[in-house]
Amino acid sequence: MEYHHRPHSPPPSDDDVVVIQMNAAAIAAVDEWSSTNEVDDAAAGKGGGLTRRTFSQAYKMKHRTPLEFTWRQVALLSFQSLGVVYGDLGTSPLYVFSSISLDDPGEADFVGILSIILWTFTMICLVKYVFIVLKADDHGEGGTFALYSLLRQHVNFKGNMPVPVTHLASDINLKFHSKKRILTSKLLKFLEQSTKWQAVITYIVLAGTCMVLGDGALTPAISVLSAVQGIQSRSSSITQAHVVLLSVIILFILFFFQKHGTSKVSFTFSPIMILWFTFVAFIGLYNIIKHYPPILKAVSPHYIIIYFIRNKRAAWETLGAIVLCITGAEAMFADLGHFNKSSIQMAFSVIVYPSMILAYAGQAAFLVKNPSKLSTTFYSSTPEPLFWPMFIIATLAAIVASQALISASFSIIRQSIALGCFPRVTMKHTSGKHEGQVYSPEINYFLMVACILITVGFKGGPEIGQAFGVAVIFVMLFTTNLMTVVMLIIWESNIALASLFFVFFFSIEGIYMTSLMNKILQGGWVPFAITAFFLIITLSWTYGRSKKGEYELANVMEREEFIKTVTTRSRVPGVCIFCTDMMNGIPPIVRHYVQHVASLRELMVFVTIRVLPVRTVLPEERFIIDKLEPVGVYRCIVQYGYMDNHNMEGDDYVASVIASLKEIAENDDEILVLDSALINGSTFVLGRTIIKMGTRHNCLKRFFINNLYRFLQKNFRSNMSSLKINPGKTLQVGMLYEI
């Protein structure tokens, strides 16, 4: 059996596209990566000089090669990143100090709190994310899935993973991303042999992803509430109920206009954030000079010790509010794909970092002289002539921060769907220029309802800050764990250095987590509830898909049976596209189909959509074509990256497949047959399977399959819906899988 990559240009070199020919037995072996690489390692270790080809060497793509930017281009990207990346992080001064509860605080307390903020902000945002985590990109893409993608490219994940593994023999040399030779390490071998730890890593990724969705519901609520609360200081007749109502109206309008996209107004986001950073920096500097210039002594960490000695348990409890100063730090990594490392680093170092330090220092200086204003720190510390300009800018900045998290939620769901670990929902592209701008009505309405309920439920109290902090710190803990594995396996860092990274940052984040766990009943349960909701959907979907795959593999239609069945049926002109999740073998639903039809099309193509653990796939690598038996039967694997758009029209798709088949045709007669089949029309056959789990399985498994998975399968879109097939050309074949 031969797999052919569809060419659209002159034959590429070995460094561009891998074209490997393997026999059928090799293709069926899901452990082919592991066994082949072990042989290569053994040979290399004995001095044979054999070195495994790396992922980037074997699967190199021009648009994955890092681009060179001039300093002007980097500066422009830095400016643009302010409105996308730093909205959440930049608006933290709205609510950090006001979320702190402390009895009778004095000068030493505010200096200590500021010292904690300064060092936390510096260590987490600057050192961890800007200097370290940003380097762990997947061909320019960042975020939790990018880290997971890197690991999947280097570690052979086996077994029934929540995120499906799709092995082909042609992938043997497509495994690695690093340009360095991958050494056989004990950790690598351990991970490749331990399905339990592979599952742990995968569950961390899924949980972290779901936690970000919780962040997407909490950020708009706390940002808008904190910005609008300032209006209470203008009139005693304005109550908290009025603030909540105004916040709900703003949030409703924000979510309502998501369907129109942000392309028409996104150009204003960066100017708004520039104004915001300028205002908070100068107001902070003003407060330092006017109220308490010595506040800058907080750079000395010994004031942290003094603060904890003075306040003991109360100091530990305030950490749950102080952690809000680093909300949005994860966005620097998650939004990396929209910019580049240099631009994000420049924007943070030149604008964001100094502005935030001045803002927090100014608020602390103000509180030293006005400790009673702790609950209304932000607006109370704003000079009277600047109140209304600041109120307007703060509200706009809160909307920008909210928009960034909402857009990130859509993007995360899109990546989850692409990797097969979330049921397909409607994804609409809201911009013709920027493919990353997508909108999902289902996710949008869920976030809107959750956000409004959170706003009404918490009413702007300190509990909403505690809930927000839980979501923030857990995502950071997940990143710390994944980064440690990346440092050891991919970067091949010294184990002492990787251990230092893990211990240092896990300790900081762990201390914050212990404080937040104390607040679970006071609001910290909200992000866990949202995470649990999405995680149940994810696990139900992936577990059901894995059981479906197991059944199809166990009941695959044998080659001899298929040939006999096809040759005994009459053939009629046209093309029949069988859509299947299987890349190897004939699924059992085909047996069910041919038993109920009198004739078959002269051209039959089994099509599988496959998502590779890379950001995007070039058009010339989109199709892998294979001839099957008998004559007129083919297999086509359509490859996408997890950030690619599956937006191919049904008719265009058939034409592309036929064009690919013609390129591997052996003679002119075969080309004529293909052209004739295309002219005579096409039919898409989709399987509609229902899985029923028997009583021999436990109640929990039966509930996941017979109830949750069946509900998701019934109410969400099918995997082939992205092909936009004409319903008049579609035939659905139903079949019951009893497992």
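Cβ coordinates come from backbone N, Cα and C, glycine included.
The topological domain 'Cytoplasmic' feature in Swiss-Prot is assigned to 1-81 (among others); the stated evidence is sequence analysis.
The list of residues near the topological domain 'Extracellular' (103-112) in space but at least 6 beyond its ends in sequence, with Cβ under 8 angstroms from a Cβ of it, reads 292, 295, 297-298, 303-304, 306-308, 310-311, 314-315, 364, 367-368, 371, 374. Annotated topological domain 'Extracellular' per Swiss-Prot: 103-112 (among others), in sequence order.
Swiss-Prot lists 134-198 (among others) with the feature topological domain 'Cytoplasmic'.
The topological domain 'Extracellular' annotation in Swiss-Prot covers 220-236 (among others). Nonlocal intrachain contacts for the topological domain 'Extracellular' (220-236), taken as residues 6+ away from its ends with a CB within less than 8 angstroms of a stretch CB, comprise 88, 91, 94-95, 98, 242-244, 246-247, 250-251, 254, 376, 378-380, 382, 387, 390-391, 394-395, 397-399, 401-402, 405-406, 447, 451, 454-455, 458, 460, 464-465, 468.
As annotated by Swiss-Prot, topological domain 'Cytoplasmic' applies to 258-268 (among others). Looking only at the topological domain 'Cytoplasmic' (258-268), the predicted model's pLDDT averages out at 72.
Same-chain neighbours of the topological domain 'Extracellular' (290-318): 100-103, 107-116, 118-119, 361, 364-366, 368-370, 514-515, 518, counting only residues six or more beyond its ends whose CB sits under 8 Å from a CB of the stretch. Here Swiss-Prot flags 290-318 (among others) as topological domain 'Extracellular'.
Here the topological domain 'Cytoplasmic' (340-347) has Cβ contacts under 8 Å with residues 67, 69, 74-75, 77-82, 85-86, 130, 134-135, 137, 140, 332 of the same chain, all six or more residues outside its ends. Swiss-Prot lists 340-347 (among others) with the feature topological domain 'Cytoplasmic'.
Among the features that Swiss-Prot reports, topological domain 'Extracellular' is placed at 369-385 (among others), with the record citing sequence analysis. Residues 93-95, 97-98, 100, 102, 104-106, 110, 226, 229-230, 233, 283, 286-287, 291-292, 362-363, 391, 394 of the same chain lie 6+ residues outside the topological domain 'Extracellular' (369-385) yet bring a C-beta within less than 8 angstroms of a C-beta in it.
Swiss-Prot lists 407-437 (among others) with the feature topological domain 'Cytoplasmic'.
Under the heading topological domain 'Extracellular', Swiss-Prot lists 459-469 (among others).
If you look up Swiss-Prot, you'll see 491-494 (among others) marked as topological domain 'Cytoplasmic', on the strength of sequence analysis.
Annotation comment: Swiss-Prot describes 516-519 (among others) as topological domain 'Extracellular'. Counting residues 6+ beyond its ends, the topological domain 'Extracellular' (516-519) has Cβ neighbours under 8 Å at 317, 319-320, 323, 463, 466, 469-470, 473 in the same chain.
Per Swiss-Prot, topological domain 'Cytoplasmic' is recorded for 541-739 (among others).
Summarising the annotation, Swiss-Prot assigns transmembrane segment to 82-102 (among others) and lists sequence analysis as the type of evidence.
Residues annotated as transmembrane segment in Swiss-Prot, with sequence analysis given as evidence: 113-133 (among others).
Sequence-distant contacts of the transmembrane segment (199-219) (same chain, six or more residues past either end, CB-CB distance under 8 Å): 88, 144-145, 147-148, 151, 157, 159, 161-163, 191, 327-328, 330, 334, 401-402, 405-406, 408-409, 412-413, 416, 421, 447, 450-451, 454, 464, 467-468, 471-472, 474-475, 478-479, 481-482, 485, 526-528, 530-535, 538-539. For 199-219 (among others), the entry in Swiss-Prot reads transmembrane segment.
The stretch from 237-257, 438-458, 520-540 with the most CB pairs below 8 A to the transmembrane segment (470-490) is 520-540. Pairs of Cβ atoms less than 8 Å apart link the transmembrane segment (113-133) most often to 348-368, out of 269-289, 348-368, 520-540. 82-102 is the stretch from 82-102, 319-339, 520-540 with the greatest number of Cβ pairs below 8 Å to the transmembrane segment (269-289).
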